[in-house]
Amino acid sequence: MSRQAGSSWSSWTLGKSGASTIEPPGSDLEDENFGSPRTFDPDFKGPVADRSCTDVLCCIIFILFIIGYILLGLMAWVHGDPRRVAYPTDSNGHFCGQKGTPNENKTILFYFNLFSCTSPSLLVNLQCPTTQICVSKCPEKFLTYMEMYFMYRTRENYWSYYSQFCKAASAKPVKAFTQLLLDDDCPTAIFPSRPFLQRCFPDFSTKNGLLTIGNKTTFNDGSGKTRNVVELRAAANGVNKILDARAIGMKVFEDYATTWYWILIGLTIAMLLSWMFVILLRVTAGFLFWVFILGVIGILAYGIWHCYQEYSKLQGKPNSHLSIYNIGIQTDISMYFQLKQTWFTFMIILAILEVIVIVMLIFLRDRIRVSIALLKEGSKAIGYIPSTLIYPVLTFIFLSICISYWAVTAVYLATSGTPIYKVIAPEGQCEHENKTCDPEIFNTTEIAKACPGAHCNFAFYGGKSLYHQYITTFQIVNLFIFLWLINFVIALGQCTLAGAFASYYWALKKPDDIPPHPLFTAFGRAIRYHTGSLAFGSLILATIQMVRLVLQYLDNRLKDAQSNISRFLQCCLKCCFWCLEHVVKFLNRHAYVMIAIYGQNFCRSARDAFNLLMRNVLKVAVMDRVTEFVLTLGKILVAGCIGILAFLLFTERIPMIVEGPTSLNYYWVPLLTVIIGSYLIAHGFFSVYAMCIDTIFICFLEDLERNDGSTARPYYMSQSLLKIMSKQSSQTKKQ
């Protein structure tokens, strides 16, 4: 029997002894559809040791970019000042609470007139057109300047209290009200406030369903007008859109402060559970797979049951029949869990997932046996090279360094420059508004005379030098190199693991023929010889991701101005680039395996990997999706088990076993943290398995094309794997 070129399955024969054999493919493999003939080295015994540097030009470019990235960071470090992010800035550009300055003990920013923050100029200048000063504490009571001015005659302490919210302290209030308005030295009124994000915001509260401040719904703003609390709330929202989230933020912080040690315990258990599963996969891959399956089915069934119980409890309760659309966006997330629609939606989603898992289990039962065989083979490889389980920690360290450097550089770039001051008019009717000015001499200029009430306030940090003119460009470069480095680190990990596992596969007598320190050797080869190839593949992926980010940015910026056609085209573009990114990731992953084995450049490795996969497209369809499905079940099982335990703990449903945290505001905050953290930990462990299986699979296909099972050309695969694949081949050809 001969094997035809381009066939997705190799032709196998079953001898009398039951051993599977494959007809020799010859020294050359010619494929009519996928590339020119490949010449096999008859002395090939595993990953090539005699290598040369690949994609040298891309390596040089990559190194130059890294050097430039370091210089960019140093340049940003020289010009930037992160204090501008950590500390609020007053109208003169001075930091509040910065040590060694007159405002060292004044850590909070105070706004003279919050009502002016509803001005249209806020949208243009991103600054509230009112004087802002640094204070040591926020006002705690209602008081207008006129009230203080008259009461000062009987009690001097009124001025001592009021003066701390003025620009400069003096022995007594010497200015009349009209002069005060012109000079803008003091606020016309103060009202109860509390610090939030180092800024004084009104201390709102709800009493009998009414919004109040200091038990008042109306008050005097100091200029003779009676204001409503709702107006003040609107003005405060103009300064900071996240004021509504203040209560939630504080409650979430309290929940984390109460449950942080329980969260750490949960994540530690997730790590131990993932490690245990990885170890057990070596000896009980088949059994553990069914544990994964039944565990996921059980978790989903419990979720469906719980959603049904919550749905039944809400029957007949007032307002539970309302829809999410009816109540709109609420800051109190718990309100959504008081609706029947919420639990019904969760129940339907979980039921659909349950059906999908069961259907896949039924229709993929034969292919799952192949995946289990590969899992067992991968378990043996990891058992012989246990150091591979530690490598995700190194990847995590590299990624943390890249993310930290990018974030710090972005902050320093954003805070580069000198203070820029601009003319701001409260009413927005000054012809000189938005022009640059000097606060030291502003009151003596013609602008101050032409626009009574205008101020020269701090606007932003900038400059006129060449560096400051290209700040935006530098931020884009910072983001692009960050994406390049992130993808390079991931590629380095994939190539290193592939080299280590390839050393295991191509060892004829395992583990005797496995070279010493295969992981360290593979890492050294990848860095020394293939930095350029890894950088080349990472550059392609980073470019695609950058285009996706640009499209998303344009979509967000032009959302309101787009027509239906432009939205449709933008959606199509984003979808196309999303698909392209995932295809490139898939091809890159297998190209890195070929690089680790043969040591060739990226383009040739990608071509060979693509041709190899296309010649065995059905095997790829079987292995890639099903194996990924199995490993995903393992991740879900780890996260689900820890999630159920955390749910029972945080909702105080197991007080007889362990006493969990009490009086939580939102139990779902630590719960989601534990579930997401557990999933990421499990992903780190199982990603080693995924790379191991991909490498073994590629080596397996190469083994089939190189060898025939004879004494001269024996298979390097295990007999159990060969037997499983032979049976699967026979079933496929019959179909």
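Cβ coordinates are placed from backbone N, Cα and C, and glycine is handled just like the others.
Note that this is a predicted model, so its numbers are computed, not measured.
The compositional bias 'Polar residues' annotation in TrEMBL covers 1-20. The region 'Disordered' annotation in TrEMBL covers 1-34. Per TrEMBL, transmembrane segment is recorded for 54-78, 260-281, 287-308, 343-364, 389-414, 479-507, 527-551, 629-651, 671-701.
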### Query
Per the definition of 3+ C-beta pairs under 8 A with sequence separation of 6 or more, do the transmembrane segment (629-651) and the transmembrane segment (260-281) touch?
yes
### Message
Using a threshold of three or more Cβ pairs below 8 Å, and leaving out pairs closer than 6 in sequence, do the transmembrane segment (54-78) and the transmembrane segment (671-701) count as in contact?
### Response
no
### Query
Taking a Cβ cut-off under 8 Å, which residues six or more beyond the ends of the transmembrane segment (260-281) line up next to it in the same chain?
288, 375-376, 378-379, 382, 389, 634, 637-639, 641-642, 645-646, 649-650, 660-661, 670, 673-674, 677-678, 681-682, 684-686, 688-689
#### Entry: Chain residues outside the transmembrane segment (527-551) and at least six past its termini with a C-beta under 8 angstroms from it
51-62, 479-480, 483-488, 490-492, 495, 570, 573-574, 577-578, 580-581, 584-585, 588, 591-592, 595, 599, 601-603, 605-606
